[in-house]
Amino acid sequence: MIRLLRFLSPYKGRAAAMLLLLFLQVLGTLYIPTLTADIVNRGIVTGDLDHIWRVGGFMLLAAILTAGVSVAVTYLTTWIFSIMGRDIRNALFQKSQSLSLNEFNRFGTASMITRCTNDITQIQQAYMAAIEMLLPAPVMTVAGLILAFSKDTLLAFSIIGAMLVVCLFAFLVSRKALPMFARLQSLLDRFTRVLRENLTGIRVIRAFNRSDSEKERVDQTFTDYAETAIRINKIFAAMMPVILIIMNFCTLLIIGAGGQRVAAGRMQIGDIMALIEYAMLILYYLIMGIMVFMIFPRAQSCANRVSEVLSVQPEAPGTPRSHRDSNEAASPARLELCNVTFQYQGAEEPVLNNISFSAHKGQTTAIIGGTGSGKSTVASLIPRFYDIQSGTIRIDGRNIRHMPKRELRDKIGYVPQKAFLFSGTILDNFLHGKKDAGMEEIRHAAQVAQISDFIDSLESGYQTCVSQGGSNFSGGQRQRLSIARALVKRPEIYIFDDSFSALDFKTDARLRAALREEVRDAAVILVAQRISTIMDADQIVVLDEGRVAGTGTHRELMESCQVYQQIAQSQLSEEELA
Ligand SMILES: Nc1ncnc2c1ncn2[C@@H]1O[C@H](COP(=O)(O)OP(=O)(O)OP(=O)(O)O)[C@@H](O)[C@H]1O
Ligand SMILES: [Mg+2]
């Protein structure tokens, strides 16, 4: 919690004003009972109407001022912590964007969402409660006690006695409630995860007739959360009456003992009223302070979760170098992988071992291999979604580690294996490739991607709405739309990760023919499962269990590479093989 206070630094002035006003509010609140005592003692008892009017007017003024000040305090507190919440959310989001996928996967999407939403809300609420309830408590207690002692020593001690009883009781309650608060947060995480899984996987759940069992699972997480919350609330519900009883006992004591003193002429009647109000104020703030203490551990664990993300060192952003270092020799290749070895975080062994190949401008380099052989992993290393453990990847002779990520990614048009579209219009999605692309360029890209006829057939054409993830399009349409998006960008390197898999053979062939014309100046990396898609590539890299099993053209590989022959035999007819 303390570390997050740095987010307050831009608003120092307002924070100081808030503290000052808070102090005034406490003084105002304590001043009013003193005036009450004065009215009773010197006005009512002596029948001095003038005095009553004068002090009464003064009291009204004090009450109005105090009310105004507390409105200002609440306004400032809300303002400061809402803005602080916004700033922390922004920082968290920025951070999540800069994390490597390895780091991101460590937290998980569901937890990231909870951290950005609920966790920050908890932190905001705890800070606000601390300002409004906890901070005034010590001032209120000390000042209230001083005033109480000035009225009567013995009765002031009885207030202290009541405070001790409340503290003891709160200690007992918090021992029970604190672990439950901690549990609540982890239950919330689980609940978000299960809910998210169920909402995104709805089709699979229905297809496998898992609706009932999933419903049970979701229900169980909701129930666990609700039960813990109910248990906490029960404790608090039981706490309230007990505290009221303590407060009432304290009042009784003051009235009883005070009455005797008034009768004995040792005390004035108005002082009893003042003492009761001091006692109530002190106990109220004490109880509120204790409550805040109880919600603090939960907020603290939220703050830790937020800080955990914020404190991740983003991997080296790429140190720009104007000149090439000694092993960044000028190379004719646009893209070059040299002995690349890569292991996912937490995995037992590398998924890629000593991968080397180079891709040239104007040529298509295909990567083929069985499922799980590491094709997508190679594709994701080029835009540096992950950093490799050893070896080098160079673009135009420059190590990609020495390039700012933005520059690197500007050079690359990446079409992921699982086509992903953003909600908005088709046009919006194309503009993701290039912000200022003209309609001409966009139409052209759509033509090359063999999707323009389809878009033209839509009633709203390029303005057609895309729903979240692109779920209102077929798999093949999504693929072609994402291909078109990459084409709009006109990058130096294209990476198509199995992007033609959902296309029929004819569309696949037409698209590749159109693409060949289009990408003359770029290097194309084409990952595929189908031999027919890559047969006429300039170069084919065969991956097998994370190793390069062979490199060459279709003809060369048919003669030399066993893995390739097997794939070919399983897919092509005798005459095609000949
Ligand atoms: N994020 C990840 N964390 C850990 N392991 C992963 C991750 N992604 C992939 N793997 C593992 O890496 C290996 C290679 O996966 P990859 O996705 O590169 O295969 P692929 O050749 O693209 O397969 P496919 O043809 O099915 O798309 C697999 O064994 C997979 O289990
Ligand atoms: Mg893949």
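Here the Cβ of each residue, glycine as well, is placed from N, Cα and C on the backbone.
Remember, TrEMBL labels are computer predictions, not curated facts.
Look at TrEMBL and you will find 16-298 tagged as domain 'ABC transmembrane type-1'.
TrEMBL lists 335-570 with the feature domain 'ABC transporter'. Across the domain 'ABC transporter' (335-570), the prediction's mean pLDDT works out to 91.
Per TrEMBL, transmembrane segment is recorded for 53-81 (among others).
Feature annotation from TrEMBL assigns transmembrane segment to 127-148 (among others).
Per TrEMBL, transmembrane segment is recorded for 154-173 (among others).
The transmembrane segment feature in TrEMBL is assigned to 235-255 (among others).
Non-local neighbours of the transmembrane segment (275-296) in the same chain are 1, 29-30, 32-33, 36, 122, 125-126, 129-130, 133-134, 136-137, 140-141, 144-145, 147-148, 151-152, 155-156, 159, 162-163, 166-167, 170, 173-174, 177-178, 181, 243, 246-247, 250-251, 254-255, 258; each lies 6+ residues outside the stretch with a CB under 8 Å from one of its CB atoms. Under the heading transmembrane segment, TrEMBL lists 275-296 (among others).
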Practice prompt. Mind checking which residues of the chain, 6+ beyond the ends of the transmembrane segment (53-81), have their Cβ under 8 Å from one of its Cβ atoms?
Written response: 8, 11, 14-15, 17-18, 21-22, 24-25, 28-29, 31-32, 35-36, 38-39, 42-43, 124, 127-128, 131-132
